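*Asks:* Shown below is the structure under consideration.
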Amino acid sequence: KEGYLVNKETGCKLACVTTGENKNCKLDCKNQGGSKGYCLLFRCFCEGLSESTPTFPIPGKTCSGK
């Protein structure tokens, strides 16, 4: 599974500043069980996640426009 990492409480995608290779996104992705993480459109994108890992969008969470 792949997708944008998400804050489970707010429903918002995890933000990043440096597009492309990004150590924070890579670490966050690894912590979620993913194989690769990088910054895509200023949000952390992850590959190799398990199907049970929440990614954006989370049903019922609107992110309050963030």
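Note that Cβ sites are derived from N, Cα and C of the backbone, with glycine treated the same way.
What Swiss-Prot shows for this protein is this:
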| type | residues | note |
| --- | --- | --- |
| DISULFID | Cys12-Cys63 | disulfide bond |
| DISULFID | Cys16-Cys39 | disulfide bond |
| DISULFID | Cys25-Cys44 | disulfide bond |
| DISULFID | Cys29-Cys46 | disulfide bond |
| DOMAIN | 1-64 | domain 'LCN-type CS-alpha/beta' |
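Context for these features, please: burial, neighbours, distances.
*Replies:* Secondary structure at Cys63 (disulfide bond), taken from DSSP and collapsed to helix, strand or coil, is helix. The Cβ of Cys63 (disulfide bond) lies under 8 Å from the Cβ of Thr10, Gly11, Cys12, Lys13, Pro57, each of which sits 6+ residues away along the same chain.
Shown in sequence order, Asn22, Asn24, Cys25, Cys39, Phe42, Arg43, Cys44 are the residues of the chain, 6+ apart in sequence, with a C-beta less than 8 angstroms from the C-beta of Cys16 (disulfide bond).
In the structure as shown, the Cβ atom of Cys25 (disulfide bond) sits within 10 Å of 26 other Cβ atoms.
A helical conformation is recorded for Cys29 (disulfide bond) in the three-state DSSP classification. The number of other Cβ atoms within 10 Å of the Cβ belonging to Cys29 (disulfide bond), over all protein chains shown, comes to 25.
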*Asks:* Hey, what's the Cβ neighbour count for Cys46 (disulfide bond) at 10 Å?
*Replies:* 28
